[in-house]
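Asks: Below: one structure in structure tokens.
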Protein chains: 2
Amino acid sequence: MALRVGVVGGGQLARMMIAPAVELGVELRVLAEAEGMAASAAATAVGDYRDAETVVAFARDVDVLTFDHEHVPQEVLAALVDAGIPVRPGPGPLRFAQDKLAMRARLAELGMPQPDWAAVAGADDLGAFLAAHGGRAVVKTPRGGYDGKGVRVVRDPDDAADWFEAAQGAPLLVEELVDFSRELAQQVARRPSGQMRAYPVVETVQRDGVCAEVIAPAPHGGDRLSAVAASIGTAIAEGLDVTGMLAVEMFETTDERLLVNELAMRPHNSGHWSQEGAVTSQFEQHLRAVLDLPLGTAEPVAPWTVMVNILGGPEVGDIDGRFAGVMSEHPSAKIHTYGKASRPGRKVGHVNVSGFDLDDVAYEARAAASHFD
Amino acid sequence: MALRVGVVGGGQLARMMIAPAVELGVELRVLAEAEGMAASAAATAVGDYRDAETVVAFARDVDVLTFDHEHVPQEVLAALVDAGIPVRPGPGPLRFAQDKLAMRARLAELGMPQPDWAAVAGADDLGAFLAAHGGRAVVKTPRGGYDGKGVRVVRDPDDAADWFEAAQGAPLLVEELVDFSRELAQQVARRPSGQMRAYPVVETVQRDGVCAEVIAPAPHGGDRLSAVAASIGTAIAEGLDVTGMLAVEMFETTDERLLVNELAMRPHNSGHWSQEGAVTSQFEQHLRAVLDLPLGTAEPVAPWTVMVNILGGPEVGDIDGRFAGVMSEHPSAKIHTYGKASRPGRKVGHVNVSGFDLDDVAYEARAAASHFD
């Protein structure tokens, strides 16, 4: 009898669970938002993830329910738990992924290194924070932001006036604008029974607030960086009771500290390199973790892997011809497509290249992805 | 618009095409023999592959048709070609995979090294062949054999009397019993446009006529063995006009010659190591080849990969518990299951392990697979 995993959300993260599910003999069932989404090959239902009845009906005969995104409302999560359906990650940890103020408060309790932050209810609070932080800060809406949306750099208390008005008295999150030398990400897998596996810390390169490229492992890091990043990742996974994959996005400051930026409780773009670059990909690992099966080795299979996102892709033109071009000129590039219609800036796929020389690997990955520019 | 590949046959080879098809954005459609087969996740039709009308109807709206096995009758292949459906490999090369006498004759024309052989119509012919070959030989039914079926070692002209009777005057194939030190296999991918990629030659270990284990690359081979094996593989792919994956099973004789034993024109058990062990797995490569897309690198990603088949599996007992045991004790083992009911001797899955030390890699792979004994 095959184990059954239900996934809420039919995006590319659900899609990329299909391959390891087939190999492991896990039956994947996807509740997609609409027909024809990225994970349509495994979509067994289409429905609204905000509707408790829909989600509970979908989840009735799966062994565990997990997610392609963190947007399922707490009321729906509560209904699932009430119905006796194992939900991983659970409502408790998901609250910290859904609400950035709750996350900051919890990370502070755990003593995790993070940027200075505050909950601000209006221009006066924001003004005080700006005054104390050199006149610059980052304001974030606590809920609903992703890929740079819901994030704004401010220099004046009035710069967030529209957001304060929209929030109707609910506080916003303000954070110091960190003087960082680069951004890193740490993936950790955790099972309900407590076993964890930390992946090598990676460097992420963002463009316009969107992940453009990942280098695994992070160059120039050394054992100290790896150890500190892994200890932050495992402390958060444990402290927030995360099950499945956790991604911790971090700043490396110019004075070499690591500060936690964002969390994702699911496979994450910063872990796509692991599909070919690690013994156990984050997608296989997520399935194993949510099923409470023993975790696989998170070691890299090559000294370097570089992942480059395909953003936007061609709006018009012969996509098949472009694929053939990549395949012809970059026979070692691993192409992953999401089956999505192309739109400028939209993530429609990515390319992984692994090898021994970082310059060569990065060149190949960037050149392969550039066919889609 | 996604490219569509139709696969005739719903076994594990079709199943293992699903993962690369999803990542490449290829829509896979499978004509399965029955409900609930290994490739059921991609099965869009169930029907008899021996019925031309069924197969042509299935293939109507795919870009190319390929196969999980070589048993589709020539009449059905001809009907597909008549209907204008691209069939890869085509009826021409498939005849050589379906008829071992035709294969021996064609390989002789191509000057390929092979065991001495003859077409024998009865006991007299067989007696003459035995007399010329030390009194021992192997008789094969030209059609329908696999995994050791349809193959018999004979020492007396009457040892094949029942097969001659069943053949009703059609000849059988007789081959010399080769004094070999080991068995090898060479995989080659070939596109309709002629591009080819040769994989490293591998060593295959057979037990009871069934592949038990594969070591990639073949140990103690060196450059000469690789070059000779690759040149045999590419000469056959070209000479027989094979498109897609070709596996050439060979004997290495005690005097270090290579002799061609069997051919398979599809992904093959001897190439399963490539799923994690090569940059481009044979399943991805087969899809690229039959779609006439540029081929991927066939280089290994690690010095050694060992594949061990899971044969029979547990007839009774807790399969999930066994999986958890493998995962717990062998976190670097890659498990591939075929979603098949277990039956003694039946291939129900396999395990791949890659690494730097052959002894360690082989130990891990065998120990992981042994959980299912």
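Each residue, glycine too, has its Cβ placed from N, Cα and C.
This is the feature table in TrEMBL:
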- A:Lys100, A:Lys140, A:Glu175, A:Glu176, A:Leu177, A:Val178, A:Glu183, A:Asn261, A:Glu262: ATP binding site (BINDING)
- A:104-291: domain 'ATP-grasp' (DOMAIN)
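Can you tell me where each of these features sits in the structure?
Replies: Of all Cβ atoms in the shown protein chains, 21 besides its own fall within 10 Å of the Cβ of A:Glu175 (ATP binding site).
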Asks: Go through A:Glu183, A:Glu262, our binding-site residues, and report the one whose Cβ sees the most other Cβ atoms within 10 Å.
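Replies: When each Cβ's neighbours within 10 Å are tallied, A:Glu183 tops the list.
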Asks: Would you report the average pLDDT that the model assigns to the domain 'ATP-grasp' (A:104-291)?
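Replies: Here the predicted model's pLDDT, averaged over the domain 'ATP-grasp' (A:104-291), is 95.
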Asks: Test of understanding: give the count of other CB atoms lying within 10 angstroms of the CB of A:Leu177 (ATP binding site).
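Replies: Neighbour count, Cβ to Cβ under the 10 Å cut-off: 18.
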Asks: At its widest, how many Å does the recorded ATP site span between Cα atoms of A:Lys100, A:Lys140, A:Glu175, A:Glu176, A:Leu177, A:Val178, A:Glu183, A:Asn261, A:Glu262?
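Replies: The widest Cα-Cα gap among those binding residues is 19 Å.
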